[in-house]
Amino acid sequence: MTDRSQCFAKARRVVVKVGSNVLTASRGLNVDVLRSISQQIHGLMEGGREVILVSSGAMAAGMRRLELASRPVEIPKRQATAAVGQAGLIMEYEQVFETFGKSVAQVLLTQEDLSNRRRFLNARNTLNTLIDWGVLPIINENDTVAVEEIKFGDNDNLSAMITLLMDADILINLTDMDGLFTKDPRTSSDAELIPEVRSITKKIEALAGDIPGALGTGGMGSKLRAAKKTMVAGIPMVIARGTRPEVLTDLFAGKDLGTFFVPGTVRLRSRKCWIAFNLKPKGQLVLDSGASEAVLRRGKSLLPGGIVGVEGEFSMGAPVRLTDSRGHEIGVGLCNYASADVRRIMGLKTAQIREALGYKPYDEVVHRDNLAITSDEKQP
Ligand SMILES: Nc1ncnc2c1ncn2[C@@H]1O[C@H](COP(=O)(O)OP(=O)(O)O)[C@@H](O)[C@H]1O
Ligand SMILES: N[C@@H](CCC(=O)OP(=O)(O)O)C(=O)O
């Protein structure tokens, strides 16, 4: 069983995400909360932890700075508002950390920056260097250039991706609620806090509305989608109230605050997370029950003999989804053969590949090293 206090005690690299509603007051940024969270982060850093901050609040700060009563509808105006707000946001962090003798760095990212392997590795090197220097990286989505399809969608997702790709040990999502409730507490006074979630079932998903607070973006739904990713990757996530005094300090002192999302037992490392969550699968391989079992529970590579179906057209090296015969996703992997070749060798023994194709570069259709298991069915 995963012990929550152990997860906190052992966490060396920590990602903290702070939502817009936490950081905003009626007349602009809530500087008191920003200072309090910064102070606690500084405490964690002083205690030897590596911290990465994902901070929302640019749009909210910009709206207040420009005296806009509501969020602009047109995308360029939204982007311009966030650009104004980001400056004030980072300036505030900069000033607070200066009083601790520490530096902060602004890192603005788009989805593209993570899905392009070379750009991602550049970003990761930069983040690791900042951490080595004892500088706090403060990440936000690059709202000025990120529109529609290249948008992370929200910082809940961005913070989960950063947690996975930076091999962090825990994700703390600070919002304007004490955690996940049985109903939306904004509309239901009898809502009760759920202290622990072991699996994101349909029932759990149904509790969360996608309607965010006045200044937020994704609502509780996007936090659950983020938790799903970290849990599959074997990393715990917590949702807690960012305005609670000493929230971070208390969490690391072992207090049972917020909602704890229990991680899966197998830890997926950065490269496999990148395969699982950043690449768009180009096709699908359907596995028979023996191959599903071998891949899911026995840590095996996928051989041609266990494949019963191929969907889509893809070239060698393409990312593909692996499903069982009921269509449930087992994982995502890089395919050693093009779709046309997989169709010719599926169901065959590895010794028959050369005969069927005239060549045999690999025994495995998907090698274990290039396969990320995304099913939350219990693995060994
Ligand atoms: N079951 C639920 N439990 C807690 N909050 C919920 C639930 N369903 C919907 N919400 C809403 O989600 C909001 C938090 O999401 P959001 O506004 O996107 O926050 P943030 O700015 O921190 O990302 C809360 O203000 C709350 O009203
Ligand atoms: N990039 C946006 C953040 C949008 C966002 O995800 O907000 P939130 O749901 O409050 O975390 C901003 O800084 O305003």
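From the backbone N, Cα and C atoms, a Cβ is placed for every residue, glycine too.
Since we're looking at a predicted model, the values are computed, not measured.
What TrEMBL says about this protein:
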| type | residues | note |
| --- | --- | --- |
| BINDING | Lys17, Thr175, Asp176, Thr217, Gly218, Gly219, Met220, Gly221, Ser222, Lys223 | ATP binding site |
| BINDING | Ser56, Asp143, Asn155 | substrate binding site |
| DOMAIN | 283-366 | domain 'PUA' |
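Neighbour counts were taken as the number of other C-beta atoms within 10 angstroms of each residue's C-beta; across the binding-site residues Ser56, Asn155, Ser222, the minimum falls on Ser222. Taken in sequence order, the binding-site residues Lys17, Asp143, Asn155, Asp176, Met220 that lie near ligand 1, meaning a CB under 6 Å from one of its atoms, are Asp176, Met220. Among the binding-site residues Lys17, Asp176, Met220, Ser222, no residue has its Cβ under 6 Å from any atom of ligand 2. Long-range Cβ proximity for Asp143 (substrate binding site), meaning a same-chain Cβ under 8 A and a gap of 6 or more residues, is found for Ala58, Met59, Arg78, Gln79, Ala82, Ala83, Gln86, Leu108. Asn155 (substrate binding site) falls within a helical segment according to DSSP. According to DSSP, the domain 'PUA' (283-366) comprises 27 helix, 23 strand, 34 coil. In this structure, the CA atom of Met220 (ATP binding site) is 12 Å away from the CA atom of Asn155 (substrate binding site).
According to DSSP, Asp176 (ATP binding site) is assigned to coil rather than to any helix or strand. Within 10 Å of the C-beta of Asp176 (ATP binding site) we count 20 further C-beta atoms, all protein chains included. Taking all protein chains in view, 26 other C-beta atoms sit within 10 angstroms of the C-beta of Met220 (ATP binding site).
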